[in-house]
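Structure first, commentary second.
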Amino acid sequence: MLSDQLSPGGHIYIHGSCVTVGCIPLRDEQIEEVYLIASAAKASGQDHIPVHIFPVDFNNRKSLTYLYKTTEQDPVLQRFEVGLKEAYDYFNQTKELPLIGITGKGEYSIMN
């Protein structure tokens, strides 16, 4: 899915209090855990801390049923969903982040 090339975005804020205005809200307990992990990474010298977010747990049948119902009428979202699952599976199998590229059609693709 191609974004606006002049203003592609790129920043998604993650915060506590479980409220959102275009962000990803977490409960305070979960944001504390994210903060501790990020703080430890930063203290170890890591300047860039990637966050990979998936719409569902692809190993959970109930979540998959929800996702399939949500995307059943949209072939573009279905293709996007397949790519997300590939990245999810890659990470779960290798415990390494996949290298993601963008094809000429604007679709995400695993490069490694």
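Quick reminder: no glycine exception, Cβ is built from N, Cα and C everywhere.
Marked as domain 'L,D-TPase catalytic' by TrEMBL: 1-54. For HIS15, the entry in TrEMBL reads active site, proton donor/acceptor. Per TrEMBL, the feature active site, nucleophile maps to CYS23.
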Nonlocal neighbours by CB distance (under 8 Å) for CYS23 (active site, nucleophile), same chain, sequence gap 6 or more: ILE12, TYR13, ILE14, HIS15
Averaged pLDDT, computed only over the residues in the domain 'L,D-TPase catalytic' (1-54): 80
Other CB atoms, at most 10 A from the CB of HIS15 (active site, proton donor/acceptor): 15
